[in-house]
Amino acid sequence: MENFGVTADVFTWTAMISGLIHNGKRYQALDTFRKMFLAGVVPNGVTIMSAVSACSCLKILNLGSEVHSIAVKMGFMDDVLVGNSLVDMYSKCGKLEEARKVFESIKNKDVYTWNSMITGYCQAEYCGKAYELFVRMQEENVKPNIITWNTMISGYIQNGDEDEAMDLFQKMEKDGKVQRNTASWNLIIAGYIQNGKKDEALELFRKMQFSRFMPNSVTVLSLLPACANLLGARMVREIHGCVLRRNLDAVHAVKNALIDTYAKSGDIGYARRMFKGMKTKDIITWNSLIGGYVLHDEGKKVFTSIANDYHIIPALEHCCAMVSLYGRANRLEEALQFIHEMNVQSEPPIWESFLTGCRIHGDIDSAIHAAEHLFSLEPENPVTENLVSQIYALGARLGRSLEGKKPRKEKLLKKPIGQSWIESVQGKPASVGPWGGQGGHAWDDGMFTTVRQVVIAHGSSIDSIQVEYDKNGSSFWSEKHGGNGGSKFEKVILDYPHEYLTSVHGTYGSYDIWGHVCVRSLTFESNHKKYGPFGVESGTCFSLPKSESKVTGFHGKAGSYLDAIGVHLQQIHKEDNPSSKVVLHSHKNVHNGGDKEFEYSVIQGNVGQNFDIFVALKKKDPTLPSHQPREHTGAEITKHKVVTDTEKVQPKAGGGVKTYGPWGGAGGIIFDDGIYTGIRQINLSRSVGIVSMKVCYDSRGQAVWGSKHGGRGGFKHEKIVFDYPAEILTHVTGTYGPLIYMGPNVIKSLTFHTNKGKHGPFGEEQGPSFTHKTDDAKVVGFLGREGLFLDAIGFHAMDCKISPLKPSPHNAIVPHNNSGVAVIENSPWANKLVLAANGRGEEFERGVVKEPTPSGPGPWGGQGGKSWDDGVYSGIKQIFVTRGNDAISSLQVEYDRNGQSVWSVKHGGNNGVFTHRIKLEYPNEMLTCISGYYGPLNNSDKTNVVKSLSFYTSRGKYGPYGEETGTYFTSTTTQGKVLGLHGRSSAYLDAIGVHMQHWLGNNGYSKPQHNRASCFKVY
């Protein structure tokens, strides 16, 4: 331009900078921005925005801050485009506080401003703060767009909370009036696969197509890894059909993924045909087919064709695959010959692959040969050193002469890594594990008398555990092992000293394809019941089989997650044979179809990382004599009549509890949750039958979740929440039958009957029916059999006088005469109301329960913090509840006072993570009742706080918000509306109570009268 006498102005420079950024040349763009300043050209807002965008993509914080200072000096901060780019830059660089300051300084925020800040919080896994902004933007009349919704869904998926993600996914069209797009479906499908829920992801894939959304290559690439196993052969063909219909087979990555999936699902022939049909093949294409042939023992032919037919020089990955192929086929001599022919003796991955073959076939001499090469190539690698030392130790144990070959003693680590086998002599303590990854630092709690409780934080993996031990009758808490994450917190509380842990099992694996290995799930078994699973059951299984021992301590490795875990054991019974035994790495139960009385357990373990041990045990089915199930073959089914089958098993003496059933099939294994004081909630999963069931019990005012009984999957999920203690489960009915012709019986449907009515039926009412309906009894526990489905079910019922509740009144409000209202003089607020002198007495009815819970006066909770009282208003418009991981952090309410909106102060602290907004359709919807739980934050803290809240309105229920553990409370069981709240607060919401206006008369309403009075009470 200068050659033609034309001077570049700001628009020319800006166009040049934008063009370079658009073509991915961001460093050149920033250099051009610098030259622009040197040329004396003053930038405009678009120039500043482009420069900040380049810094954002390159994550150059220092230069981005300099551009920010230029924008401030030149007065561009009022430009919303500049502000948006700065928020995005600081968020991507991890400086969320600076991003929030810029965000708050922008006066006219648009949807992209909100999206930038919400994206920053979601990427940093601060979903609570992101949701707070998500709610706030709608209050400021900024409508979220599809990017906002997808960002929130992605944030919850990354945080391991797929339930919240699915909730937003379902609400975006219904409440947000935003049409889902393909990216929305891809996010929720990928999230379910990432968190181990493959069946749900495949079901969503079908719903996506049924909703007429077109899957793209991202959808297919997310789904195919879920089908890469022998059980996924049918599903991969279904996905391939979708690929052909959508013309996605032109995408090279999709073809590579299909070859890999077909090979791993057992169809190597079709994988080969697809391979031959590809015109262009890259290294991933070859590796996918070689990996498939490794499984099918035909890899050598393919490897030869790489060089001879296609004239491609084999890479190190190809050589490693061939060495692994020879090793798995027990052709170790040919593997050594191949290594020397390919001249790859100096590559550690080659010897690691060779060592894998030695491990599989137990060739100690060849393993030592490989170990020597590994040690010479990586003498400073601690993992290699420990691996070599273990092999030498095992060789010496087998009588090998290894003098002069041992590595330097001072170079070895003090403790072998990954050792997961032990020798346990009768009566002596023993250590097992750890199982998991090699990251983090080692920890060991030591050995104690027993375990009292375990606190688990988890999401997509186990983030941390903390254990309460018993030390000679005294409580002792361990340190928290792991990081500070986890979207869910669970407590395994044992009935000490009668209950103790006997077994621990779970899975470990990588959180994603780049992450390190950590513990993904944990399940604990005691001498009474099973707890869990907690986390996502994905990866490699490990288990400590049940034995005559109890867990007395834990050890392992921990960093940001629980990387590995092991246990200390102490035998509690003497065995006849004092010989040593080996407690092994993992186990898998395989039922023998021809003999229902026995089952086989195949147990796998290892020494270090290189030698596997397999043991097969045959044992009797641990049936319970008092609950022996049976196949009911005598029931007759006709077109108009079903013969009801009722089986009663009389209980042991005492307690007033009778056991009924179980009814159903004889497959699976027996379970029995035991006896509690009531039933709070039941979660069902079903498809053609009842797949699984999980029950929340009441144990003397404490909410206790039982184990999940049944299999995984199910396309329909039901949550039956009882209004406990007013609503009592009195009996259960249902049907059972085979899923296929001549197949085993499973539970097909269930219906739950209470003193308020019935819930269900859930499932298909086909087959023989069963019931245990009796007078004056309530269900206090479940038992039965479980396998891939809920095979059989029975019940524990306690004698109890039950009175049916009268039906609730309609939602209309009966107007009242204000002449019956009196005003208190010198009251703290102008409109506080009390019962007038001519007011009627309060009438209410409730169900009869054995141990009624507290119902007024409030507040309910602890005695800490300062007292507060909002007073009495005309009604409540909305409530904001902020909660942490353990308790309710704060509460803020918008009241209505004679048509005017009045906000309360925020009661509580600022330590909340999740914010919930309960917005009522006032005045048509009113708050009628609150309930919840209160208790201590932990065992060392004796101060009670509110842990959970539920809000009942004239149109339904909101919540529960928080962890439903501790002591239950409810504001009232009569009909009325809440006009104000009071309580105590500090860093948390310590206690809460209500100001209540009751509706008088039968069933909660006054009969028509001339002199009607309102009744106010403070609870």
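Just so it is clear, glycine is given a Cβ too, placed from its N, Cα and C backbone atoms.
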Correct range for region 'Disordered' (source TrEMBL, candidates 623-655, 755-787, 953-985): 623-655
The repeat 'PPR' (79-109) - residue tally per DSSP class, helix then strand then coil: 23 helix, 0 strand, 8 coil
The domain 'Jacalin-type lectin' (657-799) - residue tally per DSSP class, helix then strand then coil: 0 helix, 92 strand, 51 coil
Long-range Cβ neighbours of the repeat 'PPR' (79-109) (under 8 Å; 6 or more residues past either end): 45-46, 48-49, 52-53, 55-57, 59, 61, 64, 68, 71, 116-117, 119-121, 123-124, 126, 137, 140, 142
Cβ-Cβ under 8 Å with the repeat 'PPR' (9-43): same-chain residues at least 6 beyond its ends: 1, 50-51, 53-55, 57-58, 60, 63, 70, 74
Folded-back contacts onto the repeat 'PPR' (110-144), same chain, C-beta under 8 angstroms, at least six residues removed: 80, 83-84, 87-88, 90-92, 94, 96, 99-100, 103, 151-152, 154-156, 158-159, 161, 164, 176, 178, 485, 912-915, 917
